[in-house]
Structures are given as C-alpha cells and as structure tokens.
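Q: Right, I'll just put the structure down here and ask away after.
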Amino acid sequence: MKSPLLGLVVWSLLLQLLQPGLAFWNSQISQNCHNGSYEITVLMMNNYAFQESLESLKTAVNKGLDIVKQRLQEAALYVTVNATFIHSDGLIHKSGDCRSSTCEGLDLLREIARQKRMGCALMGPSCTYSTYQMYLDTELNYPMISAGSFGLSCDHKETLTRMMSPARKLMYFLVDFWKASNLPFKSFSWNTSYVFKNGTESEHCFWYINALEAGVSYFSQVLGFKEMLRGNEELQKILKDPNRRSNVIVMCGTPQTMESLKIDWTATEDTVIILVDLFNNYYLEENATAPDYMKNVLVLTLPPGNSTINTSLSKESLQEFSDFALAYLDGILLFGHMLKTFLRNGENTTAHKFAHAFRNLTFEGSTGPVTLDDSGDIDNTMVLLYTSVDTKKFKPLLFYDTRINQTTPIDTHPTFIWKNHRLPHDIPGLGPHILLIAVCTLAGVVVLILLIALLVLRKYKKDNELRQKKWSHIPPEKILPLETNEANHVSLKIDDDKKRDTVQRLRQCKYDPKRAILKDLKYSDGNFSEKQKIELDKLLPSDFYSLTKFYGTVKLDTRIFGVIEYCERGSLREVLNETISYPDGTIMGWEFKISVLYDIAKGMSYLHSSKIEVHGRLKSTNCVVDSRMVVKITDFGYNSILPPKKDLWTAPEHLRQASTSQKGDVYSFGIIAQEIIMRRETFYTLSCRDQKEKIFRVEHPDGLKPFRPDLFLETAEEKELEVFLLVKNCWEEDPEKRPDFKKIENTLAKIFGLFHDQKNESYMDTLIRRLQLYSRNLEHLVEERTQLYKAERDRADRLNFMLLPRPVVQSLKEKGIVEPELYEEVTVYFSDIVGFTTICKYSTPMEVVDMLNDLYKSFDQIVDHHDVHKVETIGDAYVVASGLPTRNGNRHAIDISKMALDILSFIGTFELEHLPGLPVWIRIGVHSGPCAAGVVGIKIPRYCLFGDTVNTASRMESTGLPLRIHMSSSTIAILKRVQCQFLYEMRGETYLKGKGTETTYCLTGMKDQEYNLPTPPTVENQQRLQAEFSDMITNSLQKRQATGIKSRKPARVASYKKGTLEYLQLNTTDQDSTYF
C-alpha cells in the first residue's frame, strides 16, 4: 500500500540539498513589506486535481486585491498593496500531479530567492506534500496561506493558515455524529464503520480518506472497528455479506461516484452511506432532484455562504469562481484584514508577531464572515443532507458547527428510507427489541445481586489477608548472599565496571533458590499503613511474563526490602547504551524495537487491567531484560510507599500536581519509545540539554506547541512513520487524547506485521528468533573484536613510527631495548625563522601556533620524499639528519642538500595568513661529521643525537644569511667526492663559536635541475636588516586593516584545515635541548 507519508519523507531528503538556498530565501521576508508598499507572494502551481486554470486564480487574486485596497482607503490607510505571481512555465513539471508538486515548489522557491521577490506573506501552495516540506524544512518566519493542504501532516503548524476545511474538521464531525444517541432520528451510538477507497478520488477526497485510513488518527482511535474497502469489488462483496460487521460506509465523491458503483439497494436496506462532498453546491439548488441511487445516502456538504456586504462582489460574479478560487480570494482578504489591523495599531508587519497572528479571528470574506480557529484552520458550518422519499429532493437533516463542535438537528421528523424513519444500528441485526430489553433488565438485576455479594466477599477476604500479613511473609534466613562464582559474570563490554557497580547497588541475593533483587522501600520500622498493606498485597498474585515477579517483603536489620525477580541483562536503559553487544544493524533493528515496545505495552495493558491499576514510575530504568531477551516491567505497585518524583518520564499533569494515573503511564511509555527509536539519551532534543530545564519546560508550556523530544520525521521511512505518529499521540498534552495501552498494543501488533512477514509466528518462535539473533551477534562481535585488536595494533605501530625511526621501533618490539650507536659520518640540517621574535611581537599566540603548524606541515611533506630523519622542532627551529639510524654511505649529504633546496624553494611561495604580503625568511645550516644516537628516557622516549657535529650544524644556521643554505667545508667535500652536480659559492671566512674561523659555502642549486629559489635580501648590515623587516611587518598590518582581513579566532588550539587532523600528527616543543 502506497502512502502519501512516503512522499513526504522522500521529498524531505531532497529538500536537505537545497538548505543554503532556502535559508537565503528565508532571509528576504522584509524585501517588499515596508515603507508603505506591501506585497503578497502568490505561489501558483500546475495542480490538475483542482481543475482550475492559473488565469482563473489570478482573476480571483486581483479581485481580492481590489477589495483590500478599497477597505484600506475606507480606513484612511493609503498604502500600496500588490501581488507577485510566481509560477513555472510548465516545460519541466508537466504532470501537474500533487505528488510531484514538491519538485516544482522547490524550483519556485529558488526563483523567489534569486529574484528577491518575497512579500509580507506567501499564498500557496495547495498540495499537502509541498506545504508540509516547505514548513518542515525552511523554518518559516512569515505567514503562509494555503487553499488546500488538507492532510493531517499540515495540522497545527504555527504560521500556516488553511482556507478550505482540512481532514481534521471532518473527523471531528464524524466522531461526534457516530457517538450521538439522543438525536430525534438516531437512537444508537455507532462504533463501527467501513471506509471506501477506490484510488480515483479528487485531491481533497484523497486526503480525507487517507486521514480516516490512518491507524493513529482520531477517527480510528475512537472506533472499535474500522476496515478499508479498496475498489468496487470489495464494496459489493461487503454489501451482500449477511455477516458483515457494520452497516455504515464512509466514502468521498459526488453523485456520479454513487451512480458508477451500481449498488443493488434491495439487498442492503439497512446500509447507511455517508458521502463526503463538501465543495459541491448542486444539492441545495432549487431544481436539484435526488436520483434513486442516492436514497440510502447521507450527503455531508457545505452550504452556500451568505451574500457579502461588498457591493463589488455580486452573486453573479461569485458564480464564475470555484471553491478553490474563492479560497484564494479569501486568502487575499485575510491578508488585507491583518494588514489593516497591524497598520492601525502601528505594529511592524515583518515582526514575529505578524507571522503568528493569522488565527483566532473573524474577518469579512467573499461570501460572508470567515472564522479561523486557534490553529489557523477555517471554521464553517457543515450540513448533512438526506433524500426525502416523499419529494425526491435533498433536505437538510442537521447542521454541525466546527467552531464549537456542536450538532443542531434541523428536521426532527425526516422522511427516511430506513425503517420507522430512523437511522439503523451500525451493527447488523441489532435494534430496540422488547425481548432483548427484558433480558437485559433481568440480567442487570442478577448482576447487581452478584455484585453486592462479591463486594461483601471481597471485604471479608481483604480483612482476612491483612490479618495474615501476606505482604511480609519472607523470613530473613531465606535470603541468602550470592556465591562468588555467581557474582562474577563474563561480559564482552569494555567499560563494564560502571555496570557492575550499578548491579551491586541493587543488592543481589538468592531466594528459593532463584536470584532476586532487594528493593529498598525506605522504611525502618515496617509499620505500614492499611492503604500500603493493601497495595503490597495486590503485588503477590501478579504473575505475567512481561512483569517481574514480586515475592514479598523482608526485614533485614532495621530496613524493609521488597524481594523482586532478577533479570540478567539489566535495565533497558543499559541495553540501549550498550551499542557493542546490541548493535543497531543486527539486534537493535526496527523489528526488534517494535517487539520491545510491544512487550512493554503488553505488560502495561495487563497491569492496568489488574488490581494494581497504575504503575506511576514507568521509565526505561524500570524496564528490565531477562536472559531470553524479553522486556519486563518492574518497580510497580509502591505508589503509597514511595513518593512520586519529577523525572523526564513524568507526565506534565503529574509534574504540576504530584499524582499518578493510567494516562500518565501512557505519556511515560511515549518517552521510553522515543529512547528506543532514537537510541539516544532520555528526552533527547537538540534545543535543550539540561535536565532541569527540560522538566521545567514540560511543566510550564510557553506556547501552542508543548515541549517534547525530537523525532526527526523527515528521516523516517513509510513504515516507521506509523510508529512515530503513535509516539506523538502518547505524549499529547491533553491526557484524554492519549490512547490506552490496549489500543497501543493492537496498533503495535499491526505495525509489527509491516516489518515482519511471518504474521502467524507464535510467541515461542519469536523468542527463539531473538535468541538466534543475539547468538549470531556474539559471533560477529568476537570476530569484530579480533579485527579491532589488529587495527589498534597497526595504529599503535604507525604512531610509534611517527615518533621514532622504524629500525628503532622494531628493536624495541623485538628486544625491548635500543643500544646507542656511534655513526662515523652523518649530515645534520638546522633551520629557523628570521625575525621570529619580531613576528611574535605583532601576532597573537594562536596566530604564532597557526603559522608554525602550517609551515612545518609543509616541511614534513618535503622530508617524506628524501632519505632523511626528522629529529625534532624546537620553537621555530627545524632539525633533520641523514645517515642514521640506517647508514646510507655518502648519500646523507646529497639527500640533505636536495631537501634543503626543496624547502628553500617552498619558502619562496609561503605566505602568512594573518600578515599578508610579508615574506618569510629562514636561515639554513648544514654540517657533516661523526655523531652518536640513541633512545633517551622511558616516558615519552626521544631518539636524540649527541656530538660536536650537532653543535656545529646549529652554529652554521645561526651564522648564516636569510634565504641562504649555509654549508660547512666538510659537507662540500663530500659533495665533491661523490661528483654530484651541485652549485655552490664560497662565502668566505666565518667565525663559529667554539671552533674559530672556518671557510664556509652557500649552496645555490644543481646543474641538471632548476630550483625556483627566492632572492635573498641584499642588506648586509644586521641592524638595517632588522629595521627593514620591522617596516615590512608594519606595512603588512596596515594592509590587513585596509582590506578588512580578519585574523583567525583564538578560541581553538590551532588550525588544521589544510590537512586531515589525526592523532598521529604530533608537535612537541622542549624548553631545553641536548644539542647546545
């Protein structure tokens, strides 16, 4: 069965892709709604279901604008009011079908956003699909007026106004008419019905019948029996069936619909058909006659409106418009009425108040006064017509005012086709027979006598049980502690300590000879009141598979405990938190979730029908899971002993006044259901995380929509929506609108059939299937843990390889130690940033961290392409060595030289984000010689280098020049020895601290490869160089201020937007170094 709810879900996913555009569109609300010029945007879509041309709708809108302008002038308000028509060209969206209107609506929304043509309000769309998605995903902050949108999904939307009767109003009438038993022509209340659906209904009929079909709708919840008839074949079969379960059939259509069915009324004289045909003025015309096939039909329609007081709209001019076009016209008049009201009061028409003001009001429409209820839906008076057997005409039977939900009979002596001119009973074969009345009276007398006798016997039995003290019959010596091997249980959970602590607090014990839980009743003397004794006595006989067994009470030391059945898998809350043992993909699938909800509903249904009557503290921690994966309810029946608490599961009426009720348990079930479905924290909502604030907002609602958890309907599939709607019904603000657990149980049983094909499966089969699922999951979990261990081992290896050289890590893994080693010849590279202190002076600490991180990440990438080892970074210094820990002959000098050239080439292209235009200068020093290396320390071990070679390389860097590679003569000698084609120039004699004066060189490139090296600064004097660099920084800061470049936010540690952030990317800085 295809449901329109599926369309809503599919299109909501599509709409997520357009959120940026819609957000922009949402920001244009005040574009054409101020300074004396006010526009209404009219969204016109090709919907053939209404059989109305766009030109006719434009004519109706323009007619409404003329009236609005006239009324504003009469009120001395001289402003400009216009309409902007938005519609597609019909080239792409050709179907004109309501189900495909969402795509067309999205295109029109983008057109509005692109052209910035949004006015004060939006008129349209008319289809429930597009209206629901626009309201759901765009967070409308302006009034939206719709001529249509009949479906239940558009009910109670804060800024949506509907100008045609929605399905909700129809259901109110049907329920009131079904329950009426004191009308002159109806002596029985009805509780059954068939609903006919042939799949060819008009737009409004489609949504009316769909609402009656929904299992969670008001109509379905109230009726004891309801069945859908799909197609003429099923209808004819039911009409001819003498054992049918109802005489009443609801359908939507026209007299032509009835004629096409070709019903044989001679075989169905007790049948009553309610034909919903609201938008058809044919029945009340003077020359209208009722065909013979309408004699068993009651027609529900809307009477023609009263003549308008506006001389600009005559009856003749209104006849050219259909009800759909008149709804557009009335929408324009409503906009004009609200505009006049706000302008008179000097209020802002773009404010939040204007968007929520289109409700609870009456204005002058095209055919008379129009009233809107507190949800923004139109109220009107429906009329129920019948066919007179005398005149063969349609006559009014009753009026129904949707504003006050009141039925007013018009014809007290109708000339019906039915027997005695009264409507028949809804169940075939029932009626006011004298014999039946006599039997019922006699049975009532007998029942009354038996009831009196039962009450006397019950009172005697109760007093006798209280005297025997059955509620505290367990001697303390029968409560035994658990043995050691029983207390220690194997678990696959990694962090199981918390769970074991929770179990210990519950005081596990052994009783006859089962495991049990001791429930602290918080009484020290054991002197219960008579009410409390009665309450405890009711718990003993309760024995149901979805309830934990209560064994009695016991006094240990000075405290009283209840002895309750133990369930091995803990509470439902713990199971939901355990995502490893109970993953979503296998065990905790939708079928299992529905089964869990059914277990709870089954247990609560039994509990409510038992002597216990009410739970009072139903929550996910009071639902436990046994070894067979059956959910049981516990902690019930102590309402007079344990005072009620204000919890997230507590119903709002009980938060305001501490008490308990069955409807309050239904609310608690709704909160538990949301926990199970979402598998999140209790009462999960994105708008609030504080528990006390949640409880306060539930207890004190601040608007029409009460505060409830999030359900994320837009991501739900078709079958899941039935569950979501049931949950929403369970946490209704009005307790009377919540279903009882019997209805919840039946609804879940039907929903379970949608998820599970084996509908005739026994309870034992279901139980075995659950255990098989759990067993397969354990096997999968063991395999997954093995893979997880291997992945963690490999990740630890990768981390070690980032901290230490690979040979060093291998030695540590194999031997546990790393022997220090002396290397005859290695090449060490040092570099640091010129003017780093000056840059820090003009930068924030976070900007300095960002600068070093961006620079050294790029250095690390260059290092990966050469046979070198990064030793460490010390502040702005970067240290690299080659030739260790793996010796590479004379290649160490070649690799360091090539790496230095690559780094210097990169520096020429690097630019600081917070100081645009400022060049980054580095000094590079390289030296070759012997060196010792080894791992130092146990905690945060370091692979350190020792020797004069390291110090000399550092001196080469500190005495070098900006943007130059300063090399010692030993490195140049190695390069000459291997005959590599490196280009270098002699710098001359350079003084090195601790070594004296030596001849040094500058590496400038290679003969067979071009490097784009930056041009070094020409200033030789150090002081002039520093002054020039300071001027550059000052100019860069002025440039940043002039162009409005903002620095990075200092709230974070560093920016990693140029690369993937992984915990393997480490950056450590030591205060002291072993090299100096």
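Placed from the backbone N, Cα and C atoms, the Cβ positions cover glycine too.
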Q: Hey, which of Asn405, Asn527 does Swiss-Prot call N-linked glycosylation site?
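A: Asn405, according to Swiss-Prot.
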Q: Pick from Asn191, Asn760, Asn1067: which does Swiss-Prot describe as N-linked glycosylation site?
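A: Per Swiss-Prot, N-linked glycosylation site applies to Asn191.
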Q: Look through Asn348, Asn577 and state which residue has the annotation N-linked glycosylation site in Swiss-Prot.
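A: Record says Asn348.
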Q: Quick check on the record annotations: which of Asn287, Asn360 is tagged N-linked glycosylation site by Swiss-Prot?
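A: Checked Swiss-Prot: the N-linked glycosylation site annotation sits on Asn287.
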Q: Which one is it, among the glycosylation sites Asn82, Asn191, Asn198, Asn287, that lies nearest to Asn348 (N-linked glycosylation site) by Cα separation?
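A: Result for Asn348 (N-linked glycosylation site): the nearest of the glycosylation sites is Asn82.
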Q: Asn35 (N-linked glycosylation site) to Asn405 (N-linked glycosylation site): how many Å between their Cα atoms?
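A: Cα-Cα distance, Asn35 (N-linked glycosylation site) to Asn405 (N-linked glycosylation site): 42 Å.
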Q: Let me check the 10 A CB neighbour count of Asn348 (N-linked glycosylation site). How many other CB atoms are there?
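A: Asn348 (N-linked glycosylation site) is surrounded by 12 other Cβ atoms within 10 Å.
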Q: Mind checking which of Asn35, Asn82, Asn191 has the fewest other CB atoms within 10 A of its CB? They're the glycosylation sites.
A: Asn35
Q: Helix, strand or coil by DSSP: which one applies to Asn405 (N-linked glycosylation site)?
A: coil
Q: Is it possible to get the count of other C-beta atoms within 10 angstroms of the C-beta of Asn287 (N-linked glycosylation site)?
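A: I get 6 for this one.
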Q: Looking only at Asn198, Asn405, the glycosylation sites on record, which one has the least crowded Cβ, with the fewest other Cβ atoms within 10 Å?
A: Asn405
Q: Going by Cα-Cα distance, which of the glycosylation sites (Asn82, Asn198, Asn287, Asn405) sits nearest to Asn191 (N-linked glycosylation site)?
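A: Going through Asn82, Asn198, Asn287, Asn405 one by one, the Cα closest to that of Asn191 (N-linked glycosylation site) is Asn405.
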Q: Check the DSSP secondary structure of Asn82 (N-linked glycosylation site), expressed as helix, strand or coil.
A: strand
Q: In this predicted model, what is the average pLDDT of the topological domain 'Extracellular' (24-433)?
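A: Result for the topological domain 'Extracellular' (24-433): average pLDDT 83.
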Q: Going by Cα-Cα distance, which of the glycosylation sites (Asn198, Asn287, Asn405) sits nearest to Asn82 (N-linked glycosylation site)?
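A: So, spelling it out, the nearest of the glycosylation sites is Asn405.
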